[in-house]
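Sequence annotations record features per position, and here TrEMBL assigns transmembrane segment to 188-210, 222-239, 245-267. Taken from TrEMBL, the feature domain 'RCK N-terminal' applies to 292-428, 707-847. Feature annotation from TrEMBL assigns compositional bias 'Low complexity' to 981-1000. Summarising the annotation, TrEMBL assigns compositional bias 'Basic residues' to 1007-1023. Marked as compositional bias 'Basic and acidic residues' by TrEMBL: 1129-1141.
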Amino acid sequence: MVEMEKEVLPLPPRYRFRDLLLGDWQTDDRVQVEFYVNENTFKERLKLFFIKNQRSSLRVRMFNFALKVLSCLLYIVRVLLDNPQEGRQDWKLIIWVDRPLPLWALQVRELLTPVCGLCFQGNVWEQVLRVPFILEMISAIPFMITVILPSFRNLFIPVFLNCWLAKHALENMINDLHRAIQRTHSAMFNQVVILISTLVCLMFTCICGIQHLERAGNNLTLFDSLYFCVVTFSTVGFGDVTPQIWPSQLLVVIMIFVALIVLPIQFEQLAFLWMERQKSGGNYSRYRAQTEKHVVLCVSCLKIDLLMDFLNEFFAHPRLQDYYVVILCPAEMDVQVRRVLHVPLWAQRVIYLQGSALKDQDLMRAKMDDAEACFILSNRFEVDRIAADHQTILRAWAVKDFAPNCPLYVQILKPENKFHVKFADHVVCEEEFKYAMLALNCVCPGTSTLITLLIHSSRGQEGGACSADQWHRTYRRCSANEVHHIRLEESKFFGEYQGKSFTFASFHAHKKYGVCLIGVRRLDTTNILLNPGPCHIMGASDTCFYINISKEENSAFVRGQRESSTWGGAGGNTRGVHQTIYHGLTRLPVHSIIASMGQSDGRQDPGSTGLAEERRHSIAPVLELVDGVNNPTFDLLGDQSEDEGGEEGKEDSDKDESGYPLNSPYIGSSPALCHLLQEKMPFCCLRMDKVCHHIPFEDARSYGFKNKLIIVSAESAGNGLYNFIVPLRAYYRPRKELKPIVLLLESIPEADFLEAICWFPMVFYTVGSIDNLDSLLRCGVTFADTMVVVDKESSMIAEEDYMADAKTIVNVQTLFRLFPALSIITELTHPANMRFMQFKVKDHYSLALSKLEKKEREKGSNLVFMFRLPFAAGKVFSVSMLDTLLYQSFVKDYMISIARLLLGLDSMPGSGFLCAMKITEDDLWIRTYGRLYQKLCSSTGDIPIGIYRTEAHKLPVSESQVSITVEDYEDTREPREPLLSRTSTHRNSTSSEPISTSSHSSDHPLLRRKSMQWARRLSRKGGRSSSGAKGGPGSAAERISQQRLTLFRRSERQELNALVRTRMKHLGLSPTGFNGMTDQGNRLSYILINPSPDARLELHDVVYLIRPDPLSLVPNQGSGRKCSAGISESHRFDTQDSTHL
């Protein structure tokens, strides 16, 4: 044991127990390596301290600069203390000066600075050959001689040349200052400092040099020399002070040549930097960022339309007038944008910075960390839209990383990329909103225009106050309505309805103030509920969302007294009603009406009272509190068996069921309850134009659909098309009203998309193109009710602006000519191209609207295109209109949520949905919009928010005479062709289809013959009157030429019909039912948002409704229906009367 212990070596103290276990303690081959040994020398340490260390280097530069400035000041002191002899020319005065001993001692101390600098400033020879070192030696060596030889103490030394060394030290000091504080000033700042310092040095050198040389001449003072230099360099040259001896004159010549060489170079660099600054935009100062409020707009490519939409919408709000907009764009500012930003209105409020959001330096220039918000917009004109989204995502990440507290407002193009930016405060997905809006346009006409008007800021002053058309004035006033919010306990509109039902508050607020209450939000939740129904009791802490011209805070209330009226109800109570006139920003009066039409005495004369009079007294009052279970007048969820209707409805209900889609094509789609098939459709059965072994049909007619088709023409089956299908298959739409959806695609969709749509009933696709007539006929265009044309992504890029829509517009015009009865809804890239939709060359009315649009553009209106007939009717939509939704969310953070709920993109439990009902002849007894409001609130709980009105367009008398004459002539030539739209002769238009097309003139021969006789008499009378004025032969020839022109057009119409019929026969399709003669060209439609209660209802008006969620009363359906069954029909506004269009 002793021998073994002797053999064991002692363990090194640094070893641990782990080393014993591993056995590595026996061999020690490790070598310690020291790094950066080259920096241990004295010279390298000096370099490290004085040069490489930023802060110490800055201190050295500042000390050196201070010494040089001090030497110049000491020189000035020496000159002021000097008193040379006057009256004689002595050249010794140039060599010798009077220098006091204390002053000499202070100047001698400066010789240590260049000697110390040689110790650490690198190669000695490089320093010797530099100009600053030569200037140092010019001052230092003579002072060293005076130390050695005291007799030379009064020798003149040009110490004033140290001003150039001070300039050099200042430049180095600024560079070290930037490195030390980690902030970079612009190159413009550095160049301005260099220019100013160069001018100062030139002036100081010339002043001191002339003053010293003139000691042997005029003996000028420093001030006289300063005066001479200023007068000379400013090219004034008075001549009262001039140098007298040749050395001073030579110095002036030299300094002028130096100034002519140095200053232009400096000014050239300054001008170049100024031009570059104008391109890049400079910086937004830190002081302004801390004292002013600003937002940052990040875009990859700034177009003039995008800029003007943002500026007009952003600064439309009064509270944003003091904000500044900083634009951060990597591209150079184009000419149009530069021209706009030079306008005084925007020059002081908009700052353009050229830079990238991915660079912290550019974000620092924009002061992103101090910004109130950051708007990041995608480039929708990019060839690769997915790549554009990727760039937007990176910008959002970069901004969030640099300024985590800055609110983000992000626009994304593709829905599958939305989940990458869910951290943003507000996100708008372009394709989601676009397809949902186009889908609702098919069932609720004009939805795109309705949403566009709601999200645009307007005061209802477009078109001028003296418009000739009544629909212009009404449409203009109603377009000023927007969505606002207020807390109920702080509101005069809704404060008195605390503890009342939602429908009671909505109806009475509209009756009394003219405001439309559409939704609420509880204090303890962030979810907004649109029309939560009559079971919702208003609380003091509720946030109310309402539609009105202006906010309540900007409204004035004028109260008056009016006579008492009788209110209908159980007891026939009488109460005094105050007349309230509401004044908003536009001072538009909203007259109060008494909307309750109660029975006066409860007795009716059956002989004198008709059906209409009986219905007049059938509007029940809106109850303050409604029991959702036992209330007899409220039957929201109708019996589904009524919707289905008989055995066919039962068969359909067996095939369909309500549920959530099993497969979503992208991450982030909101779950929505929809009508689904019990078994998914095989992929082969989804293609309509090909026969499969499951379904032997290959065209739309063979399927025998009960409802007309909805055809969507798109370039490819993108994920956004999923949001087109979901709103049309929502659970709250009756099964009998579901319209088949046919997707006309140019390529076969992928399996993922087919897997997502195969669960929806009556959804098909065909492969073809919109510019191919055979493809249109195969997909069933002759049986379609609506055709949706989506703008192609590949055509959004064009060499010339606004040409991106050329192909879409021409294709739609072709559709309009081939199938005039088809309702076509088009998406355009540029809103300015709306004027080409359904273009007619000699349409004088369109020309008048064009002039009106130009006037609105000159005024800077936000909605220059609002009076265009296709936009007012909701037939055309531009995706750029959605940009204002993102801009408005900065002030109204709820606008995106409300828009998503209205479009069906989000389904919140307890929140209502947007639908529509059509006013028929049986509903005209209601008479006014206020009575309809009461009828809906008291029966179904629906909240109306607007009217879609269609009117016949009145042509000028001369045009109507010509059209009537030609129609008469054509009718004599072709008696078998059915005439269209000739029953409404009082409208002075026979070329347009009347509002009701249920009966044609061919069904009434006597009426047809009388109308033709009336047309002939009118034509002859017009011919005689014109011949008496202008001469018979010429007028008759003109009338005949007009007839021939119209006949040529009629022949073109017949040729187009023959072409369609021929192609249908060639494809094996039956032309039965095709009527290509229906023309809707002389109709105009427009939207009235929140009209006044006394607005008259007209036949075929479509009323927009927000209907409560049917599922909110599903558990109590049974008892509710039993109670409703015992009610007389006069006290119930059946849900079957309101049709989901």
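Each residue, glycine too, has its Cβ placed from N, Cα and C.
TrEMBL labels come from automatic prediction, so no person has curated them.
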What is the pLDDT of the domain 'RCK N-terminal' (707-847) when averaged and given as a whole number?
84
Any residues 6+ beyond the ends of the transmembrane segment (222-239) with a Cβ under 8 Å from its own?
76, 79-80, 203, 206-208, 210-211, 214, 252, 256, 259
Please spell out the DSSP helix, strand and coil residue counts for the domain 'RCK N-terminal' (707-847).
55 helix, 29 strand, 57 coil
Using DSSP, tally how many residues of the domain 'RCK N-terminal' (292-428) sit in helix, strand and coil.
59 helix, 28 strand, 50 coil
